[in-house]
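For reference, TrEMBL has these:
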{"type": "DOMAIN", "residues": "83-295", "note": "domain 'ABC transmembrane type-1'"}
{"type": "TRANSMEM", "residues": "21-41", "note": "transmembrane segment"}
{"type": "TRANSMEM", "residues": "87-108", "note": "transmembrane segment"}
{"type": "TRANSMEM", "residues": "120-141", "note": "transmembrane segment"}
{"type": "TRANSMEM", "residues": "169-190", "note": "transmembrane segment"}
{"type": "TRANSMEM", "residues": "272-295", "note": "transmembrane segment"}
Amino acid sequence: MPLTTARRAKRRGPRRFTSRDLAVIGVLLGIPVLLDLALIWGPTLASIGLSFTNWDGIGDIHWVGIDNYKTLFTDYPPFWPAVRNNLLWVAFLGLVATPFGLLLAVLLDKGVRFSRFYQSTLYMPVVLSLAIVGFIAQLVFSRDQGALNAILANRHDPVDWLGDPDLNIWMVLLAAAWRHTGYVMILYLAGLKSVDPSLKEAAAIDGAGETQTFFRVVLPTLRPVNIIVGVITVIEALRAFDIVYAINHGRNGLELLSVLVTDNIIGEASRIGFGSAIAVVLLTVSLGFIVTYLVQELRGGKKG
């Protein structure tokens, strides 16, 4: 009997990894790490390094220190309008398009008739690239042949929706929000389906109304979805490029940091060092938004 117990204990002991096991683990973990370093961290660190240089991509690389950043902040006219437009994108998608997507998800979650049809219709723009959305925006908002001016032709003179720098940013934001809303709606709809119905029933028994139940019971349980939606919204807003480039190459009121990066790196001037400095600023702004949002959400989750 003691011998049998000893054999069982020996069999239940921790399994030792063989050299083959270690090799397999090394390959499975090593390849993703190497790809991550090569495709993400490598270019990122290279951009940070190049931002302190003057290089046209062909000649010698010259170290200039922080001169690129000085020029960017003090002597590069498109920079601050691009920063303002990027912040406007974040605010509009975060405070208008995202809540509207949540509202649609709540309405569809109630089981309205033809809800599947509405979901498919509202999600359809998500499968389109922003470049295609920009092309559709031109068809709708074009001054001479746009659908909107055709509708308003009998009441107003043609409006240059995309040519007027005071108007075009709002038209582009509406087009981008049209696509973003459907994406947010699907994410929140999936989150709402996972909410335990007993929580709503308990709140109703306690006398909470429908609005109180949503804000005090349902919305807190959607915190993981809120984090995902918040990060996606910031990334969508700050990496926006296709739609404005398809309309007017990101000029005349549609300047964005991503467009300035492209213009400087692969444009006629080919100022790779200066373009890298703009890319570093864009990366810093993105990380600032995302880290701040994640910290606030995680702190709120711990308090809850």
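The count begins at 1 with the first shown residue.
The backbone N, Cα and C atoms fix where each Cβ goes, and this holds for glycine too.
The shown structure was predicted, so the numbers you read here are calculated from the model rather than taken from an experiment.
Spatially, the transmembrane segment (120-141) is not adjacent to the transmembrane segment (21-41); fewer than three Cβ-Cβ distances between them are under 8 Å for residues at least 6 apart in sequence.
Same-chain neighbours of the transmembrane segment (272-295): 44, 47-48, 50-57, 61, 64, 68-69, 71-72, 79, 83, 86, 90, 227, 230-231, 234-235, 238-239, 257-258, 260-265, counting only residues six or more beyond its ends whose CB sits under 8 Å from a CB of the stretch.
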